[in-house]
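Heads up, the thing below is written out as structure tokens.
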């Protein structure tokens, strides 16, 4: 902000209120007073507008846009995986209970596993909500630390240690999410096989053979034990299962959950690149700050000797 504006500001306020102290003013003076007030108000408004504009530009310059994009992608991926995966698991259990395993004791283990997976989903959602905010805050810190090259040496070293810790942790989480991504593709594969089997029943080739011979046995996938009754669906019963809302909804939700896991993997890779770059920037800033402090210490020692 130019210094002349700072000097003019008290004068403008004085000029703004100075005509109001007069008890009797002619109409001509009143008109001049109104013009003077309007002029002063315009200049004061421009003064504060320029100050707000400079403040906004400074704030926008300190935003870590790469970390912000990675955080939005991470939140979106985790939300899709957790939300869609939770609902899809519930629909899968309902479909198995109604069509493949009517005795509760046969799929009791499956119900326990599904409940454990749903609790894990709750934990994943909570953890990554907090972790994404922490990484975004670390991005803000690193951006300000790099812009302020002459920050304290201890602060810069602490930033390097934090960045290195987050690089290692994000790398481990990225590997874990690769496993989650592969695991989430398994139900998509199972439902896809079931969907293609139902589609094959409607083809002209299926009409040449007995439709009742086309079956889907979920026991071979290890979802339910071999003694489950009936354990498989054939013919028209299989077609009815494919037309249920549980099958249609669960199939598409598993696809979206798998896509969300893939988006989370991409976000973590993005985070990993950002953190590695931030660590390198902080390392350079630390070296420059260390060299600056060494030179300053030598200069102070020489001045004391003189």
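Just so you know, glycine gets a Cβ as well, placed from its N, Cα and C.
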Per TrEMBL record, range annotated transmembrane segment [choices 96-118, 119-141, 211-233]: 119-141
Among ranges 33-54, 253-274, whichever one TrEMBL labels transmembrane segment: 253-274
Stretch of maximal Cβ-Cβ contact with the transmembrane segment (119-141) [cut-off: under 8 Å; candidates 65-89, 162-192, 253-274]: 65-89
